[in-house]
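S.K.: Before we start, here is the structure in question, set down as structure tokens.
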Amino acid sequence: MTSEKIGHARRPAFSWYYAPSFLVLWLGLFYAIVVPLYNKLPERVTIREESLRPGEFVAEQAERQLYDFDRIGPKVTGSYANEVTTVEFLLNETEKIRSQMRSDLYELEVDVQSPTGGYVFIDMVNMYQGIHNVIVKLSSKSSRSESYLLLNSHFDSKPSSPGSGDDGIMVVVMLEVLRQMATSETPFEHPLVFLFNGAEENPLQGSHGFITQHKWAKNCKAFINLEIPGSGGRDLLFQSGPRNSWLMKYYKLHANHPFATTMGEEIFQSGIVPSDTDFRIFRDYGNIPGVDFAQIKNGYVLHTAFDSFEVIPGRSIQNTGNNVLALVRAYSNASELNDTEQNVGGHAVFFDFLGLFFVYYTETTGVIMNCCIAVISLVLVGCSLWRMARQSEKVTIPQITLWFLIILGLHILGVLLCFGLPLLMAVLFDAGDRSMTYFTSNWLVFGLYICPSIIGLVLPLTLYYTLKPNNKLTHSYHLQMSLHAHLVVLALLSFILTSLGIRSQYLCLISMIFYAGALLINLVSKLHDRGYYWALIVVSLQVLPFCYFTYIFYMFLEIFFPIVGRMGRGTNPDLIIGLLCACCVFFSMGFAAQFINMFRWPNLILLGLAVVTFIFCMIAVSEVGFPYRPKTNVMRASVLHTRRIFHEFDGSVSHSDSGYYFDYQDRRAFNPLQDTSLDLTGLQPVKNDCDNYVMCGIPCFYYSWCRWRQWAGWLPRESEVEIPGELTLEFLGKTILESGTTARYHFQQSGPPHMNVFIQPVGEAVVEDWSFVRDMLDDPEEFQPPYQIFFSYGTNDNPLTFHIDMVKSDGDFGVPVLEIAAVGHFVSYEYARDAETLRFIADFPDYVHVMEWPSVFKRYVF
């Protein structure tokens, strides 16, 4: 080789102006392949077509039922709409199905359950009384099976929301599945139990009442839970098991439109997502396996007045209905349902590929595959380095090993920057009070997080090649070593994740398989040593993994974009979005991005990406980056118009006031409202009172509100809030127990359908026992006072009677030992709001959705 040819081989192959086309190629693949397949939905089946398509799910039938469901309005537990009107709606629809049923083949039983019970839910004792579940059992007359398949959805909703998406879609899907199964000419083996539970938003009370108390519960051997954290789109299978991988086997065989990922299951169960489903209740209290589905698109309308019939696509209902009906037919004839304990196995690794097909294998198989592919990948890298040394003049194995280790170290630095730069952007925007700029303008993440991530991934090696050229190796070999370094990082990461039992390591497996496959082809075909021809194989085999990785992270971004609007003030949500974008770049562009160094002047290319980032930053801090929009992307505001009364140990009232309690739902709190017509003069942080009163002296509702109470706000008002009902806490007396150091305090509380009891020991006193479930007291390291007791009821408004045992080492109970607060929430719109409150609520801008109700807080000391 002449010196001229050698010098040419040491330089990048292509001019810099080809680089934009190379980068645009990947962007084009995303919009041409990934987005259409991600949004693909089946056509609706209409009622007119039903006779031509027998046995198929009819979306139009479900839509008609959903329209009637929507017109009922908000369905808050304890309200007439929820406990009477909706129950009657479900019973009427069930009777319509009975009239169409093949009575010669099937039996249909209906039961309205009204359970009472309680359990510990995260940080609170969750108690319920007289709530309502509508339960339908469909069985084949020819069947003798005692193993039932359970289907669950809920018909209650959040205040102000008609709940047509959450969970009205799934309610009508279950009704149509029930109709199809009841009119089918083919009987099924295992009876079906359809649970329409009326207290999921409370939270998760209806499912607990069923699985722990109903006569059919003990026969339920598996379940399908149907949830809606959005309002449309495809239904994601995001939880399965536990340890019953046969459920996934049937899903693979029978789901018409597969959409699932192990990564979703692990993220949800990590607690990052601020919500939970009835899956937890059936798993923990029923000890039965199941699958958890959720439509995830348009989560912006979740729990708002805009979660209505008008925004729900009929094709989404068809998609979910097709899947659920197919799975019900499969599970109801599954032999595994006869004895699920005999079919217990390991966890499953599962995912769909662009909705085209479904991949499933056991966790054990995954461990074997990960280790084998990782070892093979490292061997192939070794073979490649040996080949480079053989093909290069005056290059030894130790020399090329040293050069590769340098490149590997620089690539690891690039990986750290790949994650570090987007996270730095998230921190800077949050520090400047510009978090959530992407909330409506989702495309901003491209410039804010994706471009910095690509820059960080490539920058160290780009600088290395620019500042310290190595003339002993061709540039082609250098470029290959940078890709080999990413393969080594993936192999090491795979070993680590596998040892930690994280099943999401299948992402590393996919990435390793396609690059190691390309490397093997290049070595065998000798393209490895022919200039840049090897790049054709590598780039071609990167198309499929790129499409999959962008597909799955696009899904997660679509889930988390709306979620950041309800994560509370205490968390910087930009860190989560930045981390997702960085993960997307690491997996989808980990190999492809290195080809930037195949072009001349790669620094100029990175500078161009930096300019794109700067432009997007300027756009983000403009009006375009304002997070909220009316109706479609609203700011959530929880406002309780509250009256507070503070009683002292001697029975006197030391303080009484009224005001508005704000539970901030997102990072920006009420800062976006400072320059609006809303008068927030006097707004103060609640944390100022946290040392003075139990639970900071505020009527926090759920556990999450109480957990975030130090970030809440209090706006005093001069006129007294009019409370549309009564709340009483009656002290029934005190009994000194035999030990002489324990006193039992007896109480009776009555009020609206949603109440709280907050309990705080005073001084050296300790809560030793109470009449509630003991779990919190038995685990003092996990649960610290103040304790929250949440109590709700349906139509049974009997008072809550309870006692608390306080222990004090000196036995002196003539001094304060217990601070207790009774809280009443008048949530339903059946309770009137006073005129001043209505005026205050009306002053909120149109981009704010206000969830509000009157509440009363009464504090006592005993």
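Keep in mind that glycine also has a Cβ here, set from the backbone N, Cα and C atoms.
Grabbed the feature section from TrEMBL, which reads as follows:
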- 133-328: domain 'Peptidase M28' (DOMAIN)
- 405-617: domain 'Endoplasmic reticulum metallopeptidase 1/1-A TM' (DOMAIN)
- 632-860: domain 'Endoplasmic reticulum metallopeptidase 1-like C-terminal' (DOMAIN)
- 16-38: transmembrane segment (TRANSMEM)
- 367-388: transmembrane segment (TRANSMEM)
- 400-423: transmembrane segment (TRANSMEM)
- 443-467: transmembrane segment (TRANSMEM)
- 479-498: transmembrane segment (TRANSMEM)
- 504-524: transmembrane segment (TRANSMEM)
- 531-556: transmembrane segment (TRANSMEM)
- 576-597: transmembrane segment (TRANSMEM)
- 604-628: transmembrane segment (TRANSMEM)
S.K.: Grab the pLDDT values for the domain 'Endoplasmic reticulum metallopeptidase 1/1-A TM' (405-617) and give me their mean, rounded.
M.R.: 95
S.K.: Tally Cβ pairs under 8 Å between the transmembrane segment (443-467) and each listed stretch (367-388, 400-423, 479-498, 504-524, 604-628), then give the stretch with the top tally.
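M.R.: Result: 400-423.
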S.K.: Could you pull out which residues elsewhere in the chain have a CB under 8 Å from any CB of the transmembrane segment (400-423), counting only those six or more residues past its ends?
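M.R.: Same-chain residues near the transmembrane segment (400-423) but 6 or more away: 385, 388-389, 392, 448-450, 452-461, 464, 470, 473, 478, 481-482, 484-486, 488-489, 575, 578-579, 581-582, 585-586.
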S.K.: With Cβ distances under 8 Å as the criterion, find the stretch in 367-388, 504-524, 604-628 that has the most pairs with the transmembrane segment (479-498).
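M.R.: Looking at each of 367-388, 504-524, 604-628 in turn, the most contacts to the transmembrane segment (479-498) are made by 367-388.
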S.K.: Sort out the residues at least 6 away from either end of the transmembrane segment (604-628), same chain, that have Cβ-Cβ distances under 8 Å to it, and list them.
M.R.: 16, 19-20, 429, 432, 434, 436-441, 444, 446-448, 451-452, 454-455, 458-459, 462, 565, 596, 634-635, 666, 668, 672, 847-848
S.K.: What same-chain residues lie close to the transmembrane segment (367-388): Cβ under 8 Å, and 6 or more beyond its ends?
M.R.: 361, 395, 397, 400-401, 404, 473, 477, 480-481, 484, 487-488, 490-492, 494-495, 497-498, 505-506, 508-509, 512-513, 515-516, 519-520, 523, 528-529
